[in-house]
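A.B. asks: Attaching a single structure in structure tokens format; questions to follow.
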């Protein structure tokens, strides 16, 4: 029986397919079903799981074949996995537990409020927090939806000068963490900032009419500029993939194109638009850095303060439990829209001809797009570069390199861990697609909706408890003072990262895996390829791009993550994000610029792949 | 009476590639026409020109005498009052069945609209699923919704673009007869585009066979099969082979299997060059022209056989080396290689000038 060798990819019989990179950006996995054209092949386990035993030829044992097989590394993977399958089965459940334990921990404090802590919260901060959160959520979701949908419509449906450029350039703000945009905005437009100073000098006025940047509206505007790309991405996808067929159908039923847009295009895109809005909303609720810079108290900052200023873990977890309730409501809404998306998927048909727009209208649109791009991307980048060059000579030193090193090291560890777990989970789900496993996978990927501050609390409490328990046991059994074993180590941090970013890596790897249908496996086996050879020659080339995308996204997300890093880092482990937090809380905008530049550069990485893939 | 739809010498080109060339056709009110042809012959483009989704670069399209399109003019689709059933149905996924059907009735009063929707639901047999969404329906049901949606505003003309191509074969046959009944009941005028001749035969009153952007023959199904206008139509419609023959006189032609009698060709004119005695021609022999007869002295060897239930399609090698098809009742079961008796049984002749070697 000829066995395929894994030499050149072409000899494997499967050309490495062009990657469908996952659609996950900035910590939020955009649901695969958000994309109307994603293949949805059920990945069922091949029912006729073939156990191939090398060396058995035509029913008789052939020792030469056996030795040749093992020499080439082709021993039976199928047999191996078959036996090990009970172990595979547990992986999704273990990971689901990792999500459920923090959530359960935090939630338990909701149902068991400790009287005085609760009393204190209600009396002092709670109403402010709720009001602040409400207005922020409302403002950001409304603003991001308006901005995202209108830009998506212009770039997807209309033709105006610069459309091609804006189509991808409008994704660029995703590269800048919201807290960076925030401190740049403050640095620029604050009373002592260059803009107001220049205006005062020029107008010879005290500028009392100038709106206060450090206000509710200021936070909302900054977050809208940072989060509109989520809506833009999904709405644009919906508009583009709707194709021209449905619009033609509307025309043949007596509607003009413009009527068709409002009567058909917009309602058909509603689940996508709502999905994008929900993503923006989750980001808003999870945000810590931006509101911290603006001193705008929300749940995340309150949790942080309760822990680090008041040293009250019960208060922190009480607040976290409230936030989690709000987030769950959003998740449920998001899942609802996601399922609607699945049903509202349209078959891909020819792309509609764009509506040509000319004259002053075209320039208005171009101006609108440029304005958005300027404030959301160009201005922050320019200001950062100016500040960074100012302080470069002074700040680019051993300490800066240490922040960078910590960030990179942490990101690498977290990426390796997260991607490995995601890969194992995808394989496990592929082998066992029973409802329980699917539910476990589903739960595991919900971690992405949990705000970092909540996760930090939820991970810290059980680990502290475990530490105490281990310490007691060690004391009783061996009379050893163990101190803190896990608490305050990198392990805590990595666990929290993994819980939060698993979805980010799961989504692209899972999409890649969807392309490996069970018939591909069977074809490989049928062609005489053994398990390992199939894995190396067939699976790996197909999964490669998905794994790569996953790794890039997680890497960048971990680098940017602020609250988890702040709240669970081992003593002395300062990263770029931590440095930015420290500098901005002292109003040292210039000094925050240099680490921010590194984050923006890292953030551009996945964006380049993403843009290249969507605009191909 | 003016025809409801008239296409006069229309031309359509994508860039430099001419897709439809000098195409003309007329359709009376209440008739069902069909454009039949292999994929890429331009039939869907003709349909899209009629609907107004594509402009014409020459010629004229008119409905009820009103110009829809000509070289410099294209009435927008929404003002043509022409309904369309798309190949992929293009149902609106976010709307229920009744909302889909009622979509085009936006100028009606609410009550009137509900009544029309109810009527259409009953017509297409979906009265029990008005509140389902398209994804909850089977392919056949989706097709009916698409038909009902297009018919609801009572269009002057209905266009159907390969309406059954997404359905499985058994459903296709049943639904095409059903669709014909619905169209006739509604007294709709319709044009169907398809590559499936069975479908065309089942639905259409008149069929135009298209090839390379032109209509080769516009006729009823019977004539397309029995009196094809040219070789392409003869080849495309039904099965059959060409056997070489020689003209005896304007009524007779001789082939290996015997002498055939009939007008030759059927549109023969007095100065026809083809009918001259002694001319070499290709004669179309359909599988039903050759009858199995054990007593016949004429023998042919079975080369291939395809069992089709009621009958068997034999591929035969004639004594002279030519190949012919014969449709034989299936209890006449012969083995490959066996020689069976055959007899020619025709009542007309289809012959074309022998193609240049």
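Any Cβ shown, glycine's included, is placed from N, Cα and C.
Since the structure is predicted, the reported quantities are computational estimates derived from the model, not experimental observations.
Take a look at what TrEMBL says about it:
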type: DOMAIN; residues: A:130-332; note: domain 'ABC transmembrane type-1'
type: DOMAIN; residues: A:404-610; note: domain 'ABC transmembrane type-1'
type: TRANSMEM; residues: A:90-113; note: transmembrane segment
type: TRANSMEM; residues: A:133-156; note: transmembrane segment
type: TRANSMEM; residues: A:168-193; note: transmembrane segment
type: TRANSMEM; residues: A:213-235; note: transmembrane segment
type: TRANSMEM; residues: A:272-294; note: transmembrane segment
type: TRANSMEM; residues: A:306-333; note: transmembrane segment
type: TRANSMEM; residues: A:362-383; note: transmembrane segment
type: TRANSMEM; residues: A:403-427; note: transmembrane segment
type: TRANSMEM; residues: A:439-465; note: transmembrane segment
type: TRANSMEM; residues: A:477-497; note: transmembrane segment
type: TRANSMEM; residues: A:537-556; note: transmembrane segment
type: TRANSMEM; residues: A:592-611; note: transmembrane segment
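Set these features in their place in the structure for me.
C.D. replies: Only residues 6 or more beyond the boundaries of the transmembrane segment (A:90-113), in the same chain, are considered here, and those with a CB under 8 A from a CB of the stretch are 314, 317-318, 320-322, 324-325, 421, 424-425, 428-429, 436-437, 439-441, 443-444, 446-447, 450, 454-455, 457-459, 461-462, 495-496, 498-499, 502.
Listed as Cβ neighbours of the transmembrane segment (A:133-156) (distance under 8 Å, sequence separation of 6 or more from its ends, same chain) are residues 163, 166-167, 170, 216-217, 219-221, 223-224, 227-236, 238-240, 261, 273, 276-277, 280-281, 284-285, 291, 296, 298-299, 326, 365, 368-369, 372.
Through the fold, the transmembrane segment (A:213-235) approaches residues 23, 25, 28, 30, 34, 132, 135-136, 139-140, 143-145, 147-149, 151-153, 156, 170-171, 173-174, 176-178, 181-182, 185-186, 189-190, 269, 272-273, 275-277, 279-280, 283-284, 287, 290-291, 294-296, 372, 375-376 of its own chain, all at least 6 residues removed from its boundaries and within a Cβ separation under 8 Å.
Same-chain residues lying 6 or more positions outside the transmembrane segment (A:362-383) and placing a CB less than 8 Å from one of its CB atoms are 147, 150-151, 154-155, 158, 160-162, 166, 169-170, 172-173, 175-176, 180-181, 184-185, 187-188, 225-226, 228, 593, 600.
Sequence-distant neighbours of the transmembrane segment (A:477-497) (same chain, 6+ residues past either end, Cβ-Cβ under 8 Å): 98, 102, 410, 413-414, 417-418, 452, 455-456, 459-460, 463-464, 466-467, 470-471, 558, 561, 564-565, 568-571, 573.
Note on the transmembrane segment (A:592-611): residues 21, 23, 25-26, 168, 171-172, 174-177, 180, 183-184, 381, 383-385, 387-388, 390-392, 395-396, 400, 403-404, 407, 549, 552-553, 555-556, 559-560, 576-577, 579-580, 583-584 of its chain, located 6 or more positions outside it, place their CB under 8 angstroms from a CB of the stretch.
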A.B. asks: Would you kindly check A:168-193, A:306-333, A:439-465 and say which stretch has the most C-beta pairs under 8 angstroms to the transmembrane segment (A:272-294)?
C.D. replies: A:168-193
A.B. asks: Going along the chain, which residues at least six beyond the ends of the transmembrane segment (A:168-193) come within the CB cut-off of under 8 Å?
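C.D. replies: For the transmembrane segment (A:168-193), the list is 25-26, 151, 155, 213-214, 218-219, 221-223, 225-229, 232-233, 283, 287-290, 292-294, 369, 372-373, 376-377, 379-381, 383-384, 387, 560, 562, 577, 580-581, 584, 589-590, 592, 596, 599-600, 603-604, 607, 610-611, 614-615.
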